[in-house]
Each structure stands twice: as structure tokens, then as C-alpha cells.
Amino acid sequence: MNRVLYPGTFDPITKGHGDLVERASRLFDQVVIAVAASPKKNPLFPLEQRVELAREVTKHLPNVEVVGFSTLLAHFAKEQNANVFLRGLRAVSDFEYEFQLANMNRQLAPDVESLFLTPSERYSFISSTLVREIATLGGDITKFVHPAVAQALTERFKR
């Protein structure tokens, strides 16, 4: 059985992330969205809320589960019995970092392969950072995130 781990901070989860998960759910038996605590990134939403939002966005996919974690990704992959890391590449600028990360993960978890997917064209420009920035300034984010995420951001930045 192929069990893929899709790690990230997901602060917040976007339609781009959701697109990757939907496509992965057709390619793999099981998809685990691994929401990283990432305290050094000082996330906008607490881990529990990011996990809940990811669950809401993916609840229609029966072979997808969402789990929060705060350990080394290689260790978490072993705990989850994952055999693939899934990463998204929006642009060439993402590749160098992701390539370095994949090589490090290969050293730490040699039995887990790294697989890169590019986003659908309509989502290739979306990033959590840009979504947060637009929301902070009161812009319309509904084209970029699930309604539950838009609601959470609206509540967070009420003026």
C-alpha cells in the first residue's frame, strides 16, 4: 500500500494545497496531510485550528487524513508508515530548496521517496503568505481559499 505524507505548515491551507491533495488522493491509497507545528515560523493560526481547517477542506476525500506533528519529519514519516513525501513545486524558485530538502530527507529516511507535483495552472500563483497578506489588508481571498478558511481569516482580521 502506498501511503503518502504531504507535510507543510498550511497557515492557512489554500486551494492550491487542496488541489494537490485531491490529485494525490487519486494516485495513492492513503494521503496524510502532515500539519507541522512550525513554532519558529510564528504561525497565524494555532496548530489545532490549522488541522481542523485542513480536515474541513478535505472531508470529501475518504482516503485523506489530517494529523498535526511537532517532531522531525523523517521520524513522523516512520510513525505514519509513509513511503512517499509529497511536495508541491509552484515555480523554478521552489525547486532548489525542495531539492535540498529531498536530499536531506533521503539521508534521514532512506525508505521514503520524495515526489514533486506541480499545481494546476489556476492555482500556481497562490501561496499562504500572499493569502495572509491580502487578508490582513482587507482584500477578497475567496478565490484562493475554501469558505471555512476565508471565514477564519475574516474573523482573525476583523477591523
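Positions of Cβ are set from backbone N, Cα and C atoms, glycine also.
Some features that Swiss-Prot has for this protein:
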type: BINDING; residues: T9, K41, L73, R87; note: substrate binding site
type: BINDING; residues: T9, F10, H17, G88, L89, R90, E98, Y123, S124, F125, I126, S127, S128, T129; note: ATP binding site
type: SITE; residues: H17; note: site 'Transition state stabilizer'
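E98 (ATP binding site) has its Cα within 10 Å of the Cα of none of the binding-site residues T9, K41, L73. Overall, the recorded ATP-binding residues T9, F10, H17, G88, L89, R90, E98, Y123, S124, F125, I126, S127, S128, T129 cover a maximum inter-Cα distance of 19 Å.
Rounded to a whole value, the Cα-Cα separation of L89 (ATP binding site) and L73 (substrate binding site) is 19 Å. Per-site Cβ counts within 10 Å over the binding-site residues T9, S124, S128 peak at S128. Note: the Cα of S128 (ATP binding site) and the Cα of L73 (substrate binding site) are spaced 20 Å from each other. When the C-alpha distances from L73 (substrate binding site) to the binding-site residues H17, S124, I126 are tabulated, the minimum falls on H17. Per Cα geometry, H17 is the residue among the binding-site residues H17, S124, I126 nearest to R87 (substrate binding site). In three-state terms derived from DSSP, R87 (substrate binding site) belongs to an extended strand segment. Counting other Cβ atoms within 10 Å of each Cβ, the binding-site residues H17, K41, R87 show the lowest value at K41. The binding-site residues in question are L73, L89, I126, and the one with the fewest Cβ neighbours inside 10 Å is L89. Every protein chain considered, the tally of other Cβ atoms within 10 Å of the Cβ of E98 (ATP binding site) stands at 15.
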